[in-house]
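Enquirer: Below is the structure I would like to discuss, written out as structure tokens.
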Amino acid sequence: VSMNHTTIVEFVLLGLANSRHLEITLFLFLGIAYFLILLGNISVITITLTNNSLQTPMYYFLRNFALLEITFTSTFLPSTLHSLLTERKTISLPGCFLQMLLFYCLGTCTLFHMAVMSLDRYVAICHPLHYTAIMSSRLCLQLILSCWALSFLSMFPPTIMTVQLPFCGPNVMNHFYCDASLLLQLSCTDTGFVEELMFITLIIILPGTLIVTAVSYGCIIVTILHIPSSAGRRKAFSTCSAHLIVVTVFYSTCIYRYIRPEQRGGQDSDKILSLFFSVLTQTLNPYIYSLRNRQVKQALKERIMKFS
């Protein structure tokens, strides 16, 4: 950042509440949510790493997804909790810019990971005889690396361009983390090009990954309908419907928040939408995708029995 053009040294995040009582309530709620996110995802990583029967492509993707969720929520939840507890609303310029960069890059990586996991389930359910041959360890590694690389390559340019803008004041954002759309409003120069670049990037990534995920689950549902056993169909639909609920909540809130026609943020409704896709779905994901799985539950039970 060119400090010669910057007259402010920190931003003020108004946060989630304007009363002390509500801040304490939100601190407890978000603290429990963050604890469940860490507990669930660390359990998934530990179980899938230490159990020999879980060394398959599906659990490889779930393990990486769990690591991504821990990293993503840790970019903003600890600072949000600290703000709610201490009433400190400010964040330094470097801290704000770093948080924004990691939030967008890791959030985009989550979209790619969800699309890859849906493709993995499509191959496993719709082409079970070829699953091992298709989902080789080399391909799995390539898919994971591609998710990370595409996320940073796509989001790095617009976020870095936002960081390099001059900020002359005001410095107040009605949010609980450093949001790019709000930062652009605070810049004292023309931001039209950066806004267009950010919008084009998101309008390609969000609907693109959604189409891959939706088509994969659509094919999975068609295959499930051909299962002769009614018990088998109910079990498969139970798992699939849980996945679809999480995917629907995540994508619907993300799309409405970031690629609606009017991009200017700053409303209280934007903070609620952000809580849905950044906290609620992240809390549910390890329990929906992994810990409901029969093999994972069995491995977890064995691990608990061993320690006790």
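Note that Cβ sites are derived from N, Cα and C of the backbone, with glycine treated the same way.
Positions annotated as transmembrane segment by TrEMBL: 24-49, 61-81, 101-119, 139-156, 199-225, 237-259, 271-291. Among the features that TrEMBL reports, domain 'G-protein coupled receptors family 1 profile' is placed at 40-289.
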Enquirer: Can you tell me which recorded stretch out of 101-119, 199-225, 237-259, 271-291 has the most Cβ pairs within less than 8 Å of the transmembrane segment (61-81)?
Expert: 101-119
Enquirer: Let me know the model's mean pLDDT on the domain 'G-protein coupled receptors family 1 profile' (40-289).
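Expert: When the pLDDT values over the domain 'G-protein coupled receptors family 1 profile' (40-289) are averaged, the result is 88.
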